[in-house]
Amino acid sequence: MGVQGAGRAGHRRGCSAHLLLVVSGNVAPFFNMTIVYRLTLPVPPGQEAFQLTAIDIDGDPLTYSISGTDAFYFSVNAETGHVTLKQSLDREVSRTLTIIVEDRNDNAPVFYYLPYEASIPEVPPWAPGPPRAAEQGCWVPPVAWVCLQQDTSAGMSPAQVIPDNTNNHWLFYIRPNGNVVLNGSLDYTKNTFYQIKILAKDGGGLLHNVVVFQNSSAYLSLTIIDVPNLDPRFLNEPYSGSVPENCDLGTSVLTVSAMDRDTGVNDEIFYSITNTSVPFAINATTGTITVSAPLDREQLPSEEVLLEAREKNLDIYGKVAQASTLVTVTVIDVNDNKPQFYNCSLLSCNFTTDAQSNFSGTIIEHSSSRLSVSNLNIVAYDPDKGANSNYELYLQGPDASAFTVSPTNILGSGEVQILVQDPSAVDYEISHVMVVQIVANDTGNPVDCCSIATVTIDLIDSNDHIPEFPQSIYSLSVMENSPDGTIIAYDPDSGVLGEITYQLLPESICNIFMVNATTGAVLVRNGSLLDREARSTYYGNLQAKDGGNLVGTTVLEITVLDDNDNAPVVIGSYFISVEEGLNISTQIQANDDDEPGNPNSELGFRILPGPFSNNFTIDEVTGEMHSKEPLDREAVEDERGQMVVTVEVYDHGVPQQSTLVNVTITVGDVNDNAPVFLNQSYEFSVFEDSPGTLVGNVEATDADRTEINSRISFQLQRSSGSSNFLIRSSRVQAGYYMGQLTVDPDVSIDYDTLQEKFFSLVVVAENTAAEEVGDNASVPVMVHILDINDEPPTIQPVSQDIHVSENGTQQGLVVTLVASDLDTNHSLVFEELAVACFKDESSAGDVCWDWFLLAPNGSVLVNSSDIDYELCDTVVLTLRAEDLYTEKGNRYSQDETLRILITDVNDNAPVFLPVTETFGEQLGLVCPATDADSGQGGAISFSIVSVVLVDDNGVSRPFENLFKIVTTVEEDTYIGSIQVASNLDGSLKGQYQVTVEAQDKEAPIFTVDQSYRVRLQFVTTVEEVQSNSQSIKAVVAKSVMEAYFVYSNGTALDANQLIMCVLGRGPCTGTAAHPGWPIHSHLLFPWQTHTV
């Protein structure tokens, strides 16, 4: 007999104020030991039998019940467990009834309050301060609480954590007290959602004599809440822009953009400039940089602006979340400066000082043509750049025709010389002083083009009988950077040795050149000062003095030849921002300070091999660079979208000089890619009745390269059955998202009620930043529903009562019960709960408790030959079916009853009741009789068999038709009334002996003991079979039979008697057999006679 204690679920449990979720698993109650009670019979009904005591660790109220084949003997108080005797156990022989109270491990751990959902911030409030998240070893409140049966060997663990990877598997653990605890740090940017499968497993126990371990699982859905713990980030760094000088205030330079890296918070960003001295301002909300003060490229060739992006709200640590970046702004030159004159040498000029407009110098009258004015240091300078700094020089004034200016064109800065053009006009006797004006004209600046410098030239009187040179002017040349001592010119016929001495004038030229005083050879004194780019032509006077101190002069025009000693100089920097899908075009600007028009200054451009060199072309002459095709952000692996192309600027001199410049193109991402699923279709399966369970993951990618353009959100397209499921999006990595398809926690899918055992879903992946409707993708998802053994079995009702004959006349199978189960996988067994015996609708005690046997397969078998209709005419079996494969819910069917009606067999002869009357004067003598059988088998008819008169002498004389008998019925007693059929002969003295026969109205049967069963075996020799093999058509396999050989009076023959009879060695007689009685191989019916 099984005894059970069932607990009722109590109130929901709670933890501390930080508790995220409580997962309550109500534990089944248990008996703390196996208890054996022994009851010594007899025990009267109503007496206390024993006390049941169970334990429930939840503290829930308990309800007690008992079951099993002997359960009908007892009654249990459902609240107290107090068991009393309900049916009498008093039998003829006292015996001991053993009740075993034991717990069967037929219940798996149960989770309540499903589904389990919780949210936790990525940096929990209990985490130690910045900048760490919740780390291993710090105290955290439980994420969930589960409770198991009190069993030292029981345990629970996270069976699976989704997303499934090595790190996540150990991210949570379950303490022995049932707390689900965070075991690491969370990062919203990596995972926004976790699903934890919690497995609860008991310590095992017996079920159907087999050690069984029960387990169950539940899912905890954990949503990560993003918190402001990250600083913002500038997009598309580095930043560079350009703006022309003298532009209007408020002119836009460029726009910067920053984003909150806490994408789940997405706080508002404000921009500011930290180095406030710069002439720029920034819009605090849009990030657009504008000009806030006048710009002068000459004063501010370039500017670095330090920007700061700040989130509107403080982060979780109470600090300002901010980021900084550097913006380089190049001020583009505008031709807004005119050239001016300075009194200095080119190498030592300070152009920050005030310009000069008056200069003075000296020259000897009648100096040779192209001879420069001495003591004159004039430098012209235009602060503009490139072509804007090109200007022309010319002379004006009253004496302009006598002189010329050199050079006539200057780029940027250069030394200016006044040269004699007409020596005859330079005459001391005509004028001691001559005046010219140098005009510097910037032809590209028509508004403020010119500067004028007035030069006063003092003439020096000369002796007219001086030594003369063969040429009035000598044009010489020397290579720049020539070594010291290089001979520039030597003329051995220029004079008589020892009579003429030579001197080089003016003194300023003597720092670079020198002359041999004896030979007149001109040499390089200091070659390091020979820089064509600083000064390309030198003018000097070579003076010849004779012994009378008379001096003759000639002009030396020394041209410095260009040496390719300057590499090209690139003007500006090249940072270009462009949105993908567009072409770019830019021109590389460079100059070479070597001689213009010379191969040394002729520039060429080429793109050096690199990752992106094939994407661009450049004009080798002009330096114009173009993209070959529209740029694609997705083709750029750099996370900032930068393409760096190296351009080489080279000259054509020997040896060739070159300069490298990087052109950085930042390709802005455009949302031009739709999501793409990794598979063309998905197929999953999930068990029925599993709310909140993960079905499977779909995965999609977006080729766009920025986070905002590559975000993917998954949705279920509305269709039949789609409401049973939910889908959550989570980021795996940039542009790679996973959709976690789960069963709706509020939905329980029933496999047995589904017409189709699957759902056809469509999952849509949508780009959240898309503006066009078509920027999404869809994929079919087939979800197969798997059957869980969760339906209780049902027993098919028996259509009619079952009849079984008494006295063992019916053996073996009575009926086969049929049970069914809607579950696809089941194993059903039948279990007998109670047996009730009734006679004439009243309890017959337990006389029938072992008459029938219920086999596990549902077969009801006759289990006893003691079935007796006269003791019990109705047997009621209480039974149920059990599904051994039940995984969830009730494993038992409803209790059913099987009614077996015992069929009466005419196995009782009529019995005469005692009669004390004597036939004499009193007429109507009765012979009462009863028959324990029912129906016609118990209906008695009387007849007179014989009448014999025994006279006083002892002589017997038979009579016929003297008496008759009349049958009447009173309740269950039949009465035969003997009456006189004819007048009695009064002359006859004696006693009439009347033999009355009482006979029931059905053919009688006798029961023959099994010891009279004869086993007959029919044997044929091998020789007989072989000799008759041609005529044998078939072989009967059954060659053994069992039979009873019985005379018509019920006397049976045993095996030895039957052998003697068959062999003819003895009479075929049995005990009390009559020679004329036939032998029957079946049961015959007796009758009984009674003599009155």
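Each residue, glycine too, has its Cβ placed from N, Cα and C.
Some features that TrEMBL has for this protein:
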DOMAIN    44-133  domain 'Cadherin'
DOMAIN    172-234  domain 'Cadherin'
DOMAIN    235-341  domain 'Cadherin'
DOMAIN    355-469  domain 'Cadherin'
DOMAIN    470-570  domain 'Cadherin'
DOMAIN    570-677  domain 'Cadherin'
DOMAIN    678-795  domain 'Cadherin'
DOMAIN    796-912  domain 'Cadherin'
DOMAIN    929-1032  domain 'Cadherin'
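Summarised by DSSP class, the composition of the domain 'Cadherin' (172-234) is 0 helix, 35 strand, 28 coil. Residues of the domain 'Cadherin' (470-570) grouped by DSSP class, helix first, strand second and coil last, total 8 helix, 43 strand, 50 coil. Shown for the domain 'Cadherin' (796-912): DSSP residue counts in helix, strand and coil, namely 0 helix, 52 strand, 65 coil. Each residue in the domain 'Cadherin' (44-133) has a pLDDT score, and their mean in this model is 70.
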